[in-house]
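What follows is a single structure, and I will ask about it in a moment.
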Amino acid sequence: MQRAAKCALRLDISRAFCPSNVRNCRAVNRVNGSVSCRRYSVLPPPRDEEEKAMLDSMLRVDHAGEYGANRIYAGQMAVLGRTQTGPLIQHMWDQEKMHLERFNEILGEHRVRPTLLLPLWNIAGFALGACTALLGKEGAMACTVAVEESISEHYNSQIRTLMEADPERYTELLQLIKEFRDDEIEHHDTGLEHDAESVSLICWFASYEMYVLVFCCCCV
Amino acid sequence: MLCMYRNASPLWLDMAALIRGLRAGRALRGLGGVAVQGTLSPQCSNVRRGFHRAALLRLASDSKSDTSVPPPSYREVHTAGESSSSSAQGESSEDAQPNTSFQDQSGEHGEDYETEEQLQARILTAALEFVSQHGWTVEAIAAGAETLGLSSASTGMFNNGAGDLVLHFVAQCNAQLAETLAEQNNQVQLGQAESKKTGEFLKDAVETRLRMLVPYIDTWPQAMSILLLPHNIPDSLKHLSTMVDDIWYYAGDRSTDVNWYTRRAALTGIYNTTELVMVQDSSPDFEETWAFLDNRIKDVVNMANTAKQVQATGEAVVQGLMGAAITLKNLTGMNQRR
């Protein structure tokens, strides 16, 4: 339970102005608006305000989704960490951490505002993960299945939007989203393998929460 | 061409009459060879004079009714520059208005085409010189238009009047600040300058931005009150937030959590309070303002450090309590695996 306590205390308000934290920024190429300096860039330089707004909104929602998934796994680990399913959940959590890390980089690089609801998802995600895990391994897996299903549906609709708009322009972004979607589908299948079907109410509740997250974070 | 030339043939005589008036403006822009003069037929000269007045009034009312007058120059982060974006906007608003027969007559096109946004920007920039005389008012805009050789009735283009002037100035200052910060950043990346600590960077950036107000400091309270008018608040907030975002970005902030918001909120507070202090500061070269700014930034940095310490202490205390609990459980034998 140590980890649970630590997670609960990890409110970021204290790091508000820590100068050393700010100096952790990445390398040379990320700093000014000029495109030519970027070594790698997932997004194309935006043509106009509309495109920038659309891409910003997409990235904001994705980032919030990964953050929420991260917290859900943290909640599940807090309860089931020392049981047999611990290593499995840990493995899935590590992949989610990688996704979140990647989105953090993209947000920082492209000056995308993160969603204001992050503290809410911090608590709600952890609570969802912990509560479903309290129902046992099946509950945790059911939650995973529901959450991953709605995340992958969401990624699919983003892929569709980008493909309809201009596939060549968004090649790198499409690749990234496809890769993450495949990972999420893998988690979904893992959850199904491990007896998730037995608890359907959980599925409904968890997926509902994810839909709410997606709608809110687009705007806020 | 200006969109006022969009009128159909019955008015081409009237519009043609205005060309003389605009020649001065074109000369200023370094446009040459606009073959306008030769197209006017001699017999129209009398008619021209008579219609001149009517045309001016028509121009003002047409422009007022037809143009959408978007507030000038929103922040463009990644686009090539203000002019390209404003010309894109101009082109989209021009699509509904076909080019006049006048342009077809002269055959001039392309590089000489000035969008309405660009014209408005030019007028407002010229109007800034008259702010000390007329204040942030429509009279200043009229005076600015007259220096460009345009009629003072072209203030009709600006639906928001003085608000347009103030917002234009704010946008101009923010763009200048962003350029300065980008340039400094380049210097640091190239190793030609030392990177500053966050507090110092913020202080320098805010000071640079506030110093741009110095020429207009006597009339700045009027400008501030204009920015606080309800219909101007969305735009002024947008300008403020983009400026604060720029400053933090170049200070190196890449946070993607709630820090993003707390940092920007704090800097907004610092900027606004320092601006208020500056407006009533009478010390030489605003020394008191810079001292105030310095103290506010120090306060905020101290607060952040204190919060960090509190969190670290809290975590240590929790660790200690957990350890004590586990020890107790061990002692009482409750911790055995079942």
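Don't overthink the numbers, they just go from 1 along the chain as shown.
Yeah, the Cβs are placed from backbone N, Cα and C, and that goes for glycine too.
These numbers come from a predicted model, not from an experiment.
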Which single residue out of A:Glu50, A:Glu51, A:Glu96, A:Glu101 does TrEMBL record at the Fe cation 2 site shared with A:Glu148, A:Glu184, A:His187?
A:Glu96
Need one residue: from A:Glu66, A:Glu164, A:Glu168, A:Glu209, the one TrEMBL lists with A:Glu96, A:His99, A:Glu184 for Fe cation 1.
A:Glu66
Using an 8 Å cut-off from the Cβ centroid of A:Glu96, A:Glu148, A:Glu184, A:His187, can you name the remaining same-chain residues around the Fe cation 2 site, in sequence order?
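Near the Fe cation 2 site, the remaining chain residues are A:Ala69, A:Met92, A:Gln95, A:Thr144, A:Val147, A:Ile151, A:Ser152, A:Asp183, A:Ile185, A:Glu186, A:His188.
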Around A:His187 (Fe cation 2 binding site), how many other C-beta atoms are within 10 angstroms of its C-beta?
23
Could you check the binding-site residues A:Glu66, A:Glu148 and say which one's CB has the fewest neighbouring CB atoms inside 10 Å?
A:Glu66
What is the separation, in Å, between the Cα atoms of A:Glu96 (Fe cation 1 binding site) and A:Glu148 (Fe cation 2 binding site)?
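Just about 11 Å between their Cα atoms.
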What is the separation, in Å, between the Cα atoms of A:Glu184 (Fe cation 1 binding site) and A:Glu148 (Fe cation 2 binding site)?
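Counting only the Cα atoms, the answer is 6 Å.
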At the Cα level, what's the spacing in Å between A:Glu66 (Fe cation 1 binding site) and A:Glu148 (Fe cation 2 binding site), rounded?
10
For the binding-site residues A:Glu96, A:Glu184, which one has the sparsest Cβ surroundings, going by other Cβ atoms within 10 Å?
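Sparsest of the binding-site residues A:Glu96, A:Glu184 by Cβ contacts within 10 Å: A:Glu96.
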Do me a favour and check the Cα-Cα span between A:Glu148 (Fe cation 2 binding site) and A:His99 (Fe cation 1 binding site); whole Å is fine.
13
